[in-house]
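Chemist: The following block contains the structure, expressed as structure tokens.
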Amino acid sequence: MSSVQSSQTQKNDDAEVFDALIVGAGFNGIYQLHRLRQEGFKVRLFEAGADMGGIWYWNCYPGARVDSHIPIYEFSIEELWRDWNWTERFPAWDELRRYFHYVDKKLDLSRDIRFGMRVSAAEFDEARDQWVIRTTDGTVVRARFFILCTGFASKPYIPNYKGLESFAGESFHTGLWPQEGASFTGKRVGVVGTGASGVQVVQEASKDAAHLTVFQRTPILALPMQQRKLDVETQQRMKADYPEIFRIRRETFGGFDILRDERSALEVPPEERCALYEKLWQKGGFHYWIGGFSDILTNEEANRTMYDFWRDKTRARIKNPALADKLAPMEPPHPFGVKRPSLEQWYYEAFNQDNVSLVDVREMPIVEIVPEGVLTSDGLVELDMLVLATGFDAVTGGLTQIDIHGTGGITLKEKWTEGARTYLGFATSGFPNMLFLYGPQSPSGFCNGPTCAEMQGEWVVDCLKHMRENNKGRIEATAQAEEEWAQLLNSIAGMTLFPRADSWYMGANIPGKPRQLLNFPGVPIYMDQCNTAAAKDYEGFVLD
């Protein structure tokens with residue numbers, strides 16, 4: 001610890017002390033708060049937003065909705081699901097907010113949450129084995145354990161476009177949408193980016209905008225959502241199966257209740273293969289992505305069969321052949337499914353409308369933003385509203401944006417300059433008593449949020465209970481365990497097609513960010529590794 005840091009730490013001897021300070025009030029954070037309180041720990045949660053919900057507080061743009069179906073995208077706690085009913089198979093942001101309010105009321109969470117508290121810095125007090133945590137408003141607290149539940153999409157990425165601040169119209173990033181809303185009606189709207197939020201904004205803006213221009217770099221291989229309304233009677237009948245559904249989601253690759261076909265796509269006759277693809281297509285959601293054959297994400301030839309089926313189904317919906325070549329090209333831009341597919345309802349049909357146009361920025365790059373709109377190499381696109389659907393500094397950005405100092409004064413950002421280094425996707429050496437959930441080198445982006453919140457969350461709760469029962473005040477991952485974890489992750493990644501795409505899974509969407517697989521492929525294998533380490537007295541950690 002530096003002398004300046006040590007002096008600052010000593011000045012906060014009178015700060016309130018907690019067993020655990022949690023950052024973030026999404027699924028992970030509130031599950032941790034609930035469970036640690038149940039086990040008798042003194043806990044406080046800091047949330048930067050004015051309400052709970054995590055990403056569903058910040059993502060309130062028109063059309064924003066979850067891509068995991070119901071009942072997978074909710075807690076498995078019977079006290080919660082027994083009396084709650086959804087209105088849609090894939091709920092929108094406002095219904096998800098109502099769900100979080102319901103959870104809050106049921107579990108009495110808000111009394112231990114402080115909203116509007118953005119954590120700006122934290123340093124480890126080696127003399128006391130405590131973290132000293134600071135917020136932007138000057139609040140300082142101490143905690144034995146610093147638990148970061150910032151999610152994988154909490155730091156919006158805004159490209160460094162020349163002249164961006166000069167734009168005279170309205171300009172918003174989808175992850176920072178104004179809480180009071182913004183209207184597309186009668187406006188010339190430009191959307192930069194065609195990931196999940198871009199797809200959803202395009203669908204909504206296409207209905208009301210005077211003209212909509214979509215700036216696309218790489219075509220999104222979007223899947224049909226197959227959205228539908230849900231009634232109370234149907235859900236009440238379904239609830240008899242909820243315990244089994246929640247059991248299954250703990251045992252599948254992505255934490256869903258979707259089982260894959262264990263055969264190779266190449267050993268199945270073409271007619272039978274297409275029949276399965278059609279069945280998955282009609283089910284909607286992620287069924288087509290993760291319910292197919294066992295080698296779709298590991299064998300390029302097998303993968304191509306899935307892309308070709310997707311391409312043919314999608315091109316049939318696009319009237320203009322030239323647009324079809326841009327949106328669903330004959331040759332895949334990357335292997336199917338190695339970028340997280342977005343779910344759509346009428347995305348491709350939107351491009352059949354006279355008020356919607358597409359700009360391929362690989363052919364006509366954005367030169368700069370000017371007061372009147374977007375200047376490309378082909379000329380000016382005049383706009384009244386510019387929407388940046390440009391994603392996030394995913395998985396690591398929410399952690400490294402906090403000025404976190406570990407032992408010896410090194411910051412987390414400095415340590416991860418050449419790439420994230422963790423053990424079990426929970427901890428990193430040099431930062432004792434700091435644990436993160438849904439973060440780097442855990443399933444995170446591959447996993448349904450509530451599934452990970454509960455499975456990772458229980459591991460953390462058990463770890464803290466173990467330390468309390470054995471009078472241990474400090475836990476730290478070893479550098480050797482980190483290295484072995486990286487080797488395991490790299491070996492698994494090398495067996496897949498994921499490194500073949502420039503995706504946020506690989507950190508490739510952020511200029512200068514080290515390229516590495518940021519997510520552990522598969523919940524069951526991951527949890528087996530975590531539980532094995534715990535059973536061996538937390539092998540790979542040093543407990544004092």
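Each residue, glycine too, has its Cβ placed from N, Cα and C.
Sequence annotations record features per position, and here Swiss-Prot assigns FAD binding site to Phe27, Glu47, Trp56, Asp67, Tyr73, Val119. Annotated site 'Transition state stabilizer' per Swiss-Prot: Arg340, in sequence order, evidence recorded as sequence analysis.
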Chemist: Which has the fewest other Cβ atoms within 10 Å: Trp56, Tyr73, the binding-site residues listed?
Modeler: Tyr73
Chemist: Excluding near sequence neighbours, so keeping only residues 6 or more apart in the same chain, what lies with its CB under 8 A of Asp67 (FAD binding site)?
Modeler: Phe90, Ala196, Met225, Gly285, Phe286, Ser342, Leu343
Chemist: In angstrom units, rounded to an integer, how far apart are the Cα atoms of Tyr73 (FAD binding site) and Arg340 (site 'Transition state stabilizer')?
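Modeler: Taking the Cα atoms only, Tyr73 (FAD binding site) lies 17 Å from Arg340 (site 'Transition state stabilizer').
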Chemist: Measuring Cα to Cα, how many Å separate Trp56 (FAD binding site) from Arg340 (site 'Transition state stabilizer')?
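Modeler: Cα-Cα, rounded: 19 Å.
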Chemist: From the binding-site residues Phe27, Glu47, Val119, pick the residue whose C-alpha lies nearest to the C-alpha of Arg340 (site 'Transition state stabilizer').
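Modeler: Checked the binding-site residues Phe27, Glu47, Val119; minimum Cα distance to Arg340 (site 'Transition state stabilizer') goes to Phe27.
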Chemist: Fewest other CB within 10 angstroms, which one of the recorded positions Phe27, Glu47, Val119, Arg340?
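Modeler: Checked Phe27, Glu47, Val119, Arg340; of these recorded positions, fewest Cβ neighbours within 10 Å: Arg340.
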Chemist: At its widest, how many Å does the recorded FAD site span between Cα atoms of Phe27, Glu47, Trp56, Asp67, Tyr73, Val119?
Modeler: 29
Chemist: Helix, strand or coil by DSSP: which one applies to Val119 (FAD binding site)?
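Modeler: DSSP call for Val119 (FAD binding site): strand.
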Chemist: Helix, strand or coil: which one is Asp67 (FAD binding site) in, per DSSP?
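Modeler: For Asp67 (FAD binding site) - judged by DSSP and reduced to three states - the answer is coil.
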Chemist: Work out the three-state DSSP category of Glu47 (FAD binding site).
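Modeler: Note: Glu47 (FAD binding site) is in a strand by DSSP.
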